[in-house]
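Colleague: Structure in structure tokens, see below.
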Amino acid sequence: MRNPQLNKHGELQHLLTIDGLPRSILTAILDTAAPFTEVAEREVKKLPLLRGKSIFNLFFENSTRTRTTFEIAAKRLSADVVNLNVSTSSAAKGESLLDTVDNLSAMQADMFVVRHAASGAPFLIAQHLFATGRDHIHVVNAGDGRHAHPTQGLLDMYTIRHFKRDFTNLTIAIVGDVLHSRVARSQIGALTTLGVPEVRVIGPKTLLPTDVERLGVRVFHDIREGLRGVDVVMMLRLQNERMNGALLPTPQEFYKVWGLTAEKLALAKPDAIVMHPGPMNRGVEIDSSVADGAQAVILPQVTFGIAVRMAVMSMLAGQQGSK
């Protein structure tokens, strides 16, 4: 079966999900991102790799970090960036997603960066472009429903590699609302592909998928037991906007039992790092003393996110787009 993310040469054509991508491609993205971190330290933070390319950010869900870092990344690569304001676009008047894509394609788009509440929306766009002979336009998934958030997963891998160097001797814990988290799915897929020997998932039963163990993770409902001896703690926020009346803990109950405090973090290795994809709910999934503490690498995640998104866009449109 054709992998819709790869072209006929096996090169990355779209980034829709981490699932199905070989370790070589994930490693290539991380390796490509490394020199881009240095661009931020320059007086002139510009490279000409995407000069003349038009990138459309189609965000049908709210976003701060993801949308902003995609825009910064594209501009640092010298691309022309168009941000679609969904609330004032024709989508608000009932225009279908694919009609929107068709019209923007007619404006000579080179790439769509898509965030959508519907799982599979970026796949639908990529398939439509292929079926209509416009698969030279690249699609990047910036988060689709509960399904996937591949660039977040990749920037998390870059952060781990930066601070821990080697994936193959780590124990990593993912804590919180895994059930509703597209980030967790991308994290688990990337960690497994990159050779992490033990991935732990920690949370209440009502916030974990019933089949989560088939992903090759160890499940813990006791956070203290789950954090014992880990190298990396990856926190997730409660996805209140995706919950539909399930038997769920209140924010106060969640914090008391599963919130990451300094006392709980002390059970991890002394040099463990703490990560969070944002936005953080302080006093719910993480205590401020931990979020602002010496072991937190939450702000470096944001910084590295720009470099990783530069890497993805340059690999898509900068190199292969001209073939």
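Each Cβ is built from the backbone N, Cα and C atoms, and glycine gets one as well.
Keep in mind the model is a prediction, meaning the values are calculated, not measured.
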Colleague: Among ARG23, ARG42, ARG115, which is the one Swiss-Prot gives for the carbamoyl phosphate site where ARG65, THR66, HIS149, GLN152, GLY278, PRO279 also bind?
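Modeller: When Swiss-Prot describes the carbamoyl phosphate site, the candidate it includes is ARG115.
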Colleague: What does the structure give for the C-alpha distance between ARG182 (L-aspartate binding site) and ARG115 (carbamoyl phosphate binding site)? Integer Å is fine.
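Modeller: A Cα-Cα distance of 12 Å.
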Colleague: Which one is it: of the binding-site residues ARG115, HIS149, ARG237, which Cβ has the fewest other Cβ atoms within 10 Å in this structure?
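Modeller: Among the binding-site residues ARG115, HIS149, ARG237, the sparsest Cβ neighbourhood within 10 Å belongs to ARG237.
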Colleague: Using Cβ-Cβ distances, find the residues under 8 Å from GLN152 (carbamoyl phosphate binding site) that belong to the same chain and are at least 6 apart in sequence, listing them in sequence order.
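Modeller: In sequence order, the residues whose Cβ lies under 8 Å from that of GLN152 (carbamoyl phosphate binding site) (at least 6 apart) are THR66, GLY143, VAL183, SER186, GLN187, PRO277, GLY305.
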Colleague: Could you check the binding-site residues GLY278, PRO279 and say which one's CB has the most other CB atoms within 10 Å?
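Modeller: By the 10 Å Cβ neighbour count, GLY278 comes out on top.
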Colleague: With a 10 Å radius around each C-beta, find which of these binding-site residues (ARG65, THR66, ARG182) has the fewest other C-beta atoms nearby.
Modeller: ARG65
